[in-house]
Each structure stands twice: as structure tokens, then as C-alpha cells.
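First the structure, then my questions, so here it is.
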Amino acid sequence: MEVLREKVEEEEAAEREEAAERAEWAEKMERMTKTAEVSKEETIMTQDELRDLEKRLTSIEISIPAEYSFINKSLIDVTKLPPSYSTNSPKEEHLLQVADNFSRQYSHLCPDRVPLFLCPLNECNVPKFVSTTLRPTLMPYPELYNWDSCSQFVSDFLTMVPLLDPLKPPKYLYSSTTVLKCQKGNCFDFSTLLCSMLIGSGYDAYCVNGYGSLDLCLMDLTREVCPLTVKVKEVVKEEEKAMPKKYTVKPPRDLTSKFEQEQENKRLQEIKNQEEKRLREAEERLLAEEKAKPDPLHGLRVHCWVLVLAGKREVPESFFIDPLTAHSYSTKDDHFLGIESLWNHKNYWINMQDCWNCCKELVFDLGDPVRWEYMLLGTDKPHLSLTEEDEDVLDDDDDIDNLGKEEEDKSFDMPPSWVAQIEITPDEFETRCPNGKKVIRYKRAQLEKWAPYLNNNGLVCRLTVYEDLQCTKVLEIKEWYQNREDTLELKHINKITGLHVDYFRPGHPQALRVHSYKSMLPEMDRVMEFYEKIRVDGLIKREETPLTMTEYYQGRSDFLSYRHINFGPRVKKLTQNSAESNPRPMVKITERFLRNPAKPADEDVAERVFLIVEERIQLRYHCRDDYITSSKREFLRRTEVDSKGNKIIMTPDMCISFEVEPMEHTKKLLYQYETMIHLKNEEKLSRHQAWESELEVLEILKLREEEDDAHMLTISIYDTKRNEKSKEYREAMERVLHEEHMRQVESQLDYLAPFLAQLPPGEKLTRWQAVRLKDECLSDFKQRLIDKANLIQARFEKETQELQKKQQWYQENQVTLSPEDEDLYLSYCSQAMFRIRILEQRLNRHKELAPLKYLALEEKLYKDPRLVDFVKVFV
């Protein structure tokens, strides 16, 4: 009881302390409120003070940020745009009223949803309905006929400008023609241009107004893997197990300890588990580093993309296209968080489905009015199908309701697009990227793109792969080229191993297809692959090391498929330019042949080995189908004469053979001797071919160095802008047309104007003055003809004298002249004779035409209306 009493007393004391603290806190609050009231009473302002404060506040100018405009006024003058940009037709005005009524009904029925994106302003500050901003256009380029190439062109050609307010659609939606000229735009401008091109190409495409992830809205690809780095998985074909033969040799009995094998397997398994654990931890650590920070505006960021529905152009399944990156996504992708509305060039639809699970459960059946509310009647999308009973009931109800009433057609056709024809010039199509260059950053990679012919070496694309996320340590570099004379297409550089791999298109002078190397110096590790159908010898691959060279062939008439050469050490040291004059000594040559069906297997050589240092030749023949071993033969290659000059006779010990089925003619020394002589000749031929292969490698290396230094580019004959020959021909044709035009102008000139200018202005022409004008005009023209003849004669004499001097010089120095000087002399003589012949023809023609021209001018003067009254007496 005493313990309980003590507890009760302690609780009462605690309650009293709490009550005292609450009272003190209440008193403090009362004091604070009283002081605040007193301060308010003290700070009451008079009417004059209020007016003065109001004046000062109104004088302060606050700059309200306007809608960001990326239109370059120097490139586009809105005053010179077509009238459809600055005005609305009556049908467009009607459409704007319909859209406004539809928006008000939607806001009344769905007050919790954001306003619709229906009538933004264009570049002339005129409201336009979004569907009329789409201008379906089929581009004249075959490359822009498919959706992937169209989206890639739009992504490369335009520069992304983020939305001013990421939570609202833009107030402006510019025409595609303006966007193409500026080469800038936001996601709505990208989607409008891409959707116009896709609809023109026959796709069922729509612009979508919705919500996207942070990376999607800001075109951030730093957490995406570059598509060029994704390796295609090779399908490994399972080899069919051969059926065991009945009479096969049994394998030897396994006498190893099973216990020791189990212990070794356990140890290997532990090592494997530790390695997997280490890799798993490293992967988790990398994932933690790559994980994006949470976005405070997740699900609220406005984005616009393109929807392509299945059906048209053999599209099997509907999918999304992000116009900023040109990537295609499934309609269930996590980057797309919701849809408000979508539209094409014919109608506008509102999404009435719940997007609680992003877009994964949305049904894109635009004919279903429950899921998609359309704005205009007469849509080409089929409505939701009904059963026959429902259709009968609806028909009866309609008959009752519409009894005695005329049906009214409430459909409204979409007015034509106000946007001008979308045009992409050949220069713009070729240049693509703004200023010809574009850089895209991916996860551990950077992609750079250039326009063709922008770089002197033909570089159009470069992919740099890094080891870390900060992109500081380079792993490999891939460079793509176009229009190279050396047909170089791709260059792959591995910075870790130092390996360079060059890929070539068909057309290289040496039929080179792939060249792998670490150094361009001769006799180093390298692999060369060739186009076997272009080469005459059928070479498809050549592998080289400092001491070996291996060649692979295909489709040869002698059935050679493999040649391996072993080299020995040089006696003299190798210098940079001595590889051709100081070849490596050959030690061994191994050649393999495919089966020749025209020969028996026992006589068809499968492998031939020339041991040059040991002076031996080894042969291995093909195995017959019903045999398990093949015949072999070895020759001891000796010189035909000894040291004293005596001829060596063929002996049986010079040929060692193993024959599966011995034959009589193969045992004869004559057969063996003829075979050995044939093999000696083949050895000389093989050594010569190996030496030619070495020279070819040196020639290819020298050619590659010259090609890399020159990096000349090829120009199509249809490229009149860059092709010099075509340009010269075009300029020559323009020059001829200009001269013809000048001749016509000269023929229409007033030949009396210079002489009439000498007379006083306003004075009437007398007979004496008219006769004097005629005589002066004729004498002047006659003098001009004489001067022209003298000029041609002087040029003719000058060319003749120079030719005579050159011929005299040649006669004096003919003995000491080099072939090059003689060629130059002959070329000069040919050109000089050509010029002399032309001048002679012009002089003769001038002598023939001069009298005729003089008479023609005289006749014109007599018929001139200004002189005809004065000179007709003298006719």
C-alpha cells in the first residue's frame, strides 16, 4: 500500500508541473499577441503615405518571361510568309469555334484534368488547330520512305530546344517549314514534322501529347546503351553427333582417381563461385552508380511523341517513336507515363482510359468512343462493333425519336493544312546535321556524326567507347568513312591491345577486304582478308608473323587451299627499305589441297611439305572413303650432280613410302624419279609464289600509307556541284550561251549612236550631216575590220616565229635531250601547230566575211529611217 501511495504522489506531482508549464506558455503567447497588436496600431499608414507607396510600386517594372522563341529573324521574315500563315479561312474559324466549344465541354465534364492542347499560336501569332498544322508529304528521296530512316533524319537534322515550362504544353506550335529553316524545335515540333513525313509515306501515324520520363524529355541518353555497341548474338548451330561406327578403336581405359577428380572439381567450383560473387558485387556497385536520382516531377513532365498503329505499310504491331532520338519503343515501355490526347491530319482524340500503370494497359482502338473521345464526326476509324439485337433496338429507338424529323448531317470535314509544301533540298538532305556535325552521348560512349565531304578524309561517323561512366579512359574507337578512293569503310582501333582493323568495300586495287595490324612496318603481326571473287589466284586470307606466313585459298583450279611458310633468321639486319632487296630465308613450306575427284585418292596429294633446309619433301595423299589411313611418301632431295660433276643416279633409299594399297608402277625407280623432278619444279614455283606474296604485302603496305596520307575522295558524275569536269562543261556551255546572247545584243545595237552623240542636242539633221555620218560610220567599220585582220595576222606570225625558234633549238640539242624532253618538245609542237592552224582558218574566214559585213552595214545605213530621206538620192 505504501508503494502504491508513493506512486500516486509522484504522478500528481508530475501533473502539477505540467500544468504550471502550460500556464507559463499561455502567458507568453498573450504577451506576444499584445505586442503584435500594438505594433500594428503603430504601423497604420495615412492616405498620403498609401498613395506615395502605390506610386513607387507602380514605377517598378517587373520583366515577365515571355514564351521562348527560337525563330531566327535573319533567316525567316514572317511578313513574307504565305497568307495562310497570318490569316484564318472561314472554315478554319468555324473549326476554332468547334474546338473552343469542345474544350469548354471537356473542362466542365472533367474538371480535374489539364486543359486540352488544341489551338496553339503559330509563328505569326495566329491560333491554328493542331491537326491543320500537319502537312502529309512524301519526300522525293527513297531513303525517307521507311519510318526508321525518316525518324533518323528528323533527329539528326533538328536541334532539340527544351520546353520553357516542363509541366505545360507550349503556347506556340510552328509550321514544319519554319522548323526546317531554323533547324531547331521542341518535342512538339519534332513530332509534327515526323508525323507529316510518316503520313505522307503511308503510315497510320499520330502525334501524342502525354507525359514522359526525365531522360526522354531532356533527350538524355547517358543511361542508354549505344545501338552501335550492341553485338548481334550469333546463333550457334549444334553439331550433329556422328553415329559411332561398328568397327572403331575403343578408347583406352581411364585409370585416374575419381576421388582426386572430385576434389579438383570442388576446388574449381569454389573458385568459380568466388569469381561469380565478385562479378555480382561489381555489377551491383555499377548499377548503384548508374541509378538515376529520383525526379521530383516524375509523371508530370509533358512530352510529345509519335504513335504508329498497326495495319498500314504492313506494320504488324503498334509502337511509339521518340522523334528526339529516333528510337522505337513498345507501347508498354516505362519511359511513357501517360497520354492526354493524340491527333492526326483528320481528327483529334482524347484518352479516357486510366493511366495508373503508365501506357501498359491502354488499348489503341480509336473507334471505341468509351476509351477515346473524338472531336469531329466522320472519322475514318471504325466504331465499336455491336450485336445484331443491340442494333435492332437502337434502330427502333431512333425511329421513334426521329419520327417526323429530318436527319441533319453534323459531320465536319477537317480544313486543309495551312502549312506550305514541306521541301528538303538535296544539300539539306546531304548535310543533315546542323552545321554538318552532331555529337550524342551514350552510356560509356560518344557518337559523333558529320556530313559527307565535310571532312577531307571522308569521315562521317565516329564512335568512342569508354571504360568508365565519366568517359575518361578510352577503350576503342570506330570510324566510318564514305566516298574514299581507297574504298575504306570502317576503321576499328582497340586502345587496350593496340589492334587496328580496317574494313574496305569492293573495289580496292588489291581486292582488300579486311586488314588487321598493330604496326604498318613490314614483317609484323597482321591479317589480310580479300574478296576471293575479284582475285585471280583465289586468295581469301593471309596471316603474317615475323617468322611465318599463312595463306588460305578458295576456288583454284589446282585445288590449293592452304599454304604455310616458315622463315629463318636473316643474315643481314633488316632496315626500313631493305625488306624487298633482303627477303627472309625460307625454311619450310606446307601446302594442302582439296580433293580432286578426277584423280584416285592414292594419287591425289592432300598435303605437301618442302623442308628446304633439310632437303626433304614429304607427301600425304587423300584417304579413300573405305580406308582409315592414307598413303605417305618422302623424298630425299639431292642435287643432280656431286662435287666432282658426276651425275647422281636415283636410288631406292631416296624415296621412303607407305602405301595403303601398293601398286607395281609406284615401286619403279622411273616413276619415283619423275615424281621427284616434278616436286623440285613445284618447290621452285612455291618458293617463287611465296616471294611474290612477300612483295605483295610490301606493296599493299606502301599503298595503304600513300592512301592514308592522300585520303582522296571520289565524286559522283551526277554531283555537278563538286565534280570539276562537270563544272567545267557547265561553265563552257554557259559561256557559249552568253556569247550567243552578246552577239544578239550587238546585232540589236544602234550603230549610229556614237556618231549622233557628236551632234548638238535637239538640232535637226541636214543632208550634209547625214552623208557625213554615213561615211564616218562606214570608214570606222572598215578600219575595225582591218585592225582585226592585222591582229590575227600578228598572232599568226608570232606563233610561227616561236615554233621556228623551238625547232631550231631542237636541232641544236637533239643529241643531248632526254626522252622526257623529247616528249615535251613533241607536245609543244603539236599544240603550236594546232594554234597556227586555227589562226590561219580565222584569218581566211575573216577575209571572206569582211566584204560581206561591209556591204550589209552599207545596206542598213541606206535603209535606216533617220538617213533614208537624205541618202536616197545617192543610191
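Placed from the backbone N, Cα and C atoms, the Cβ positions cover glycine too.
Remember, predicted model here, so these are calculated numbers, not experimental data.
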Which stretch does TrEMBL mark as region 'Disordered', out of 1-22, 89-110, 551-572?
1-22
Are there residues at least 6 beyond the ends of the region 'Disordered' (253-274) whose Cβ is under 8 Å from a Cβ of it, and what are they?
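Contacts of the region 'Disordered' (253-274) (Cβ under 8 Å, skipping residues fewer than 6 from its ends): none.
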Which whole number is the mean pLDDT over the domain 'Dynein regulatory complex subunit 7 MORN' (434-716)?
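Taking every residue in the domain 'Dynein regulatory complex subunit 7 MORN' (434-716) and averaging pLDDT yields 87.
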Count up the helix, strand and coil residues in the region 'Disordered' (253-274) according to DSSP, in that order.
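Each residue of the region 'Disordered' (253-274) counted once, the result is 17 helix, 0 strand, 5 coil.
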